[in-house]
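Undergrad: Before we start, here is the structure in question, set down as structure tokens.
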Amino acid sequence: TIRPVRRSYYDPSSAPGKGVVWEWENDSGSWTPYDMDVGITIQRAYEKQHPWVDLSGIGFCYIIDFATMGQINRQTQRKRRVRRRLDMVYPLVSGTLPKSQSWPTSPGAAPAPPVSACACPQCLLVMSVKATVSAAGSGTATLQPRKVPPVPPAASKAPALAPGAKASDSAAVARGSLKPLAAQGGWQQAASTPALSLSSSTASPLGAGSGKASRPGLGTLNRNHLQRLAIAQSRVLIASGVPTVPVKNLTGSSPVNPALAGITGILMSAAGLPVCLTRPPKLVLHPPPVSKSEIESIPGISHTCRKTTKKQAKKGKTPEEVLKKYLQKVRHPPDEDCSICMERLSAPSGYKGPQPAVKPDLVGKLVKCSHVFHLHCLVAMYNNGNKDGSLQCPTCKTIYGVKTGTQPPGKMEYHIIPHALPGHSDCKTIRIIYSIPPGVQGPEHPNPGKSFTARGFPRHCYLPDSEKGRKVLKLLLVAWDRRLIFAIGTSSTTGESDTVIWNEIHHKTEFGSNLTGHGYPDINYLDNVLAELAAQGITEESLAQEKD
């Protein structure tokens, strides 16, 4: 594999110019330095005394919080420690930055001493590619294509890059052993890489004659030439029937994963298979920019914004009055345990907290699911909940009444954007934007009077603008009005307490990828979220109730 290299110079006022290194703490507890460009961005914001810096502008979904010296993942809310340390200055230069140079640095540079040509297939291919590109620019050699079996026209010449594609995004292709081609009748060079016939004073790169080969000049060897030649050679091999297996750079933070991909490529190359080493997929959180004129309202749904400000009104005066609507008294309790206090139903309730105004030996049966509990236990459970006039069976989760949550005040925006989600190319996209500011917890929250944080807002979520996607949106609006989408608690990703968290209704927050599992394509997502909404008591019947 031939890859270009470069040497970078940095301004003395930048982070590397000052010897400043920014690092993040990995899972093993050791420190990993950020890429140079990321470190420069962080240091620039740090020197300007910004409280934080958002790295999404340079392709990373992280926020660096200088107050806590933490890195926060905008997608998962996971938090890692970061640190700033001083190291050796790299490399400190003064004056104008030197221009990039190719090797050799000047026409008069001494050439490398001749070396023995290796006869292995890999070296033969490398020398052939180098000689071909060098000859194309210097004119010191004549190109004589070898006779090869006919190949499809698409592979007969080096293809140009697709319009709009960047050279750096092209796949880097590694040619493996050419033994399978040798079995077809001698070494056969791809049509895009003609064999090289040098003058009598220069040895053949294939090691014929004297067995010596001088290295051709690399002044014209650049990224575009190499990539086009490599891609063309790979296509010719595919067209000739040689299997090509892609080896993707495996995801993960450990350096072992890319190493495994490389080892796999080496083993496949040794077996005579061409190997395509592709770049790892990129995280695409947001769609391309959309102007206001391109944003559309959603047919059948009034307005484009919902706000929540107050706690839902209570539906009953006392817990006893609420439970009367959902219970039947049981005079002869069954011989089983109460699943709340784990005492026998024939015995008094084992609840030891504040005593409700109900006798501890009374037993009741829920009318829908027929599960039996101590009335004492049910009243205590209701008092420890949201006290919104609803009740949820602790055994089967059947909901009685209208369940509401403890979501803090905020805003939900929704509209259509003119871009399609992966797997839903036949329709546009519904974008939902949730905005919740930090504040103080109310009496229904875990720690009343204590402040809470709201990380990662505004949060952008996406649905296909299909019939089922619009149905999900309508039910999400009901869930928002009932304060069921978010809650205040402890984040399962960062461990932070007293913060806004998702409340068991999954959303898709990746627009153009699915690297974290929160994106598209996902053929089961809409059905899964409908089931999660139903578990919160939100179904199509809820839409009729909201209209009433």
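Backbone N, Cα and C define each Cβ position, glycine as well.
What TrEMBL says about a protein is an automatic prediction, not a curated fact.
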Undergrad: According to TrEMBL, which of these ranges is region 'Disordered': 138-166, 341-369, 370-398?
TA: 138-166
Undergrad: Which range is it, out of 5-31, 194-220, 275-301, that shows up in TrEMBL as region 'Disordered'?
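TA: Feature region 'Disordered' in TrEMBL: residues 194-220.
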Undergrad: DSSP helix, strand and coil counts for the domain 'RING-type' (338-397)?
TA: 9 helix, 10 strand, 41 coil
